[in-house]
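Take a look at the structure set out below.
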């Protein structure tokens, strides 16, 4: 009898919690704000948990300098965000019917959903948190190129989230976050003194392939998609049209510059191995 009453109380609390989430946290007008706050909070939680976990389980962590430990924790934060936003981006671009040309009569550039808006809000929360850390520790966590990259990404993702415009192209660009876990793993291996290991070599090759696909070829596909649907792009607000063209163009140039550095670094590493 006691167990039954406890179960009923638990279900009652569960129903109230579900109602609160559905009616308030995930109510359409509030999604952008709750998702941004959730993204910032998640970054803080991952940062603190990484610090706690690394102190106990990684001997090399305690030997790092203060700023290296900050970067260690920060890169964990960016890795979790990359996994989340890459998963959501791949789903919306390739698996979901939301942006399919055959499913809806509505313009593809104006389509959105509660889930697509929520995911973008979480990403906005991350860019706010990470940009704040970059400014606070500048230039230890990244120079001006990182500031430019994050500011452009923040403005574009926030606009797409708030207006509902161009979300398909926003997710196409966000697929480029696929390369982030590999880049961060490379830094971790270096910090742990494993720069000469086989894992470091394999990681470099994987980064090269992932970068070429997600940050070079995919951008070509995105621009081709914009070209095919330019009549629909023209139906967006003027600021949205500028973001769809200018932001991916600037990011693609930055990606090509970084890609050339990756190629040079990989060649250098392979030459040393030989």
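Here the Cβ of each residue, glycine as well, is placed from N, Cα and C on the backbone.
Looking at the domain 'TLC' (67-271) alone, the prediction's average pLDDT is 95. The annotation domain 'TLC' is assigned in TrEMBL to 67-271.
Annotation comment: TrEMBL describes 79-98 (among others) as transmembrane segment.
Residues or ranges marked as transmembrane segment in TrEMBL: 118-139 (among others).
According to TrEMBL, the transmembrane segment annotation covers 201-227 (among others).
Sequence-distant contacts of the transmembrane segment (239-259) (same chain, at least 6 residues past either end, Cβ-Cβ under 8 Å): 109, 145, 148-149, 152-153, 155-156, 159-160, 163, 165-166, 169, 173, 176, 211-212, 215-216, 219, 222-223, 226, 233. Here TrEMBL flags 239-259 (among others) as transmembrane segment.
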